[in-house]
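What follows is a set of notes on a single structure, which appears directly below.
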Amino acid sequence: MSDPAQEVEAPVEAAPVASSPKGKKEKAPKAPKAEKPKSDKPKKPKAAPTHPPVSEMVVNAITTLKERGGSSLIAIKKFVAAQYKVDVEKLVPFIKKFLKASVAKGTLLQAKGKGASGSFKLPPAAKKVDKPKKAPATPKPKSTKPKRVTGEKKVVKKPAAKKPEAKKATKAAKPAAKKVAAKPAAKKAAAPKPKAAAKPKKEVKPKKEAKPKKAAAKPAKKPAAKPAKKPAAKKAK
């Protein structure tokens, strides 16, 4: 029999443990971030400018300064800043653009320099760029005339409704007018009688026949005078 001490139990191998890298921890997957809902707030409207247009401010500066050699860009900037109380540095590019365009059009004269630098002045007959205000429309006097015409038309229309009655009156008067017309026809027939009585008066003209008697009396006087003169001449011898 073998001794129990001699029998050595074989060691039991342990299961291999999975080795994990030191310092590295497995990260859990991140949940996707919820998108923030966009707020539908209305955009604020841009504030209206409290100053007039750049063109008006520049022209006003040049006309007010009245410099003989023209107003420079620096002088225009100072005037605009003092008069209108605006941030001139923001308006400088617009002022330069207006000056160049005005010189090209001829609304401004460049006394010195080139481009936006130099001095500028208005031409002698140039007018301000200010837009003329529209005059209020004056009421036209013609509006009173149509009222009178409409009144006259109404007056004319009223007797037009009574025309049928006038026609009846004229129809009734026609037979009476025929009777009256028959009476002057009888008078016309009687009128020729006095004309026939007047004809014999024209035929009586006995005065014209007395003229030949005077002509017969003249030759009777002449032969009686001639024989009396001849014997008187013989006695004178």
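Keep in mind that glycine also has a Cβ here, set from the backbone N, Cα and C atoms.
Lifted from Swiss-Prot, the feature list:
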- 1-21: compositional bias 'Low complexity' (COMPBIAS)
- 1-56: region 'Disordered' (REGION)
- 26-42: compositional bias 'Basic and acidic residues' (COMPBIAS)
- 50-124: domain 'H15' (DOMAIN)
- 109-237: region 'Disordered' (REGION)
- 182-195: compositional bias 'Low complexity' (COMPBIAS)
- 200-209: compositional bias 'Basic and acidic residues' (COMPBIAS)
- 210-237: compositional bias 'Basic residues' (COMPBIAS)
(message) For the domain 'H15' (50-124), report the average pLDDT of the model, please.
(response) 88
(request) Mind tallying the domain 'H15' (50-124) by DSSP state, helix then strand then coil? (result) 42 helix, 9 strand, 24 coil
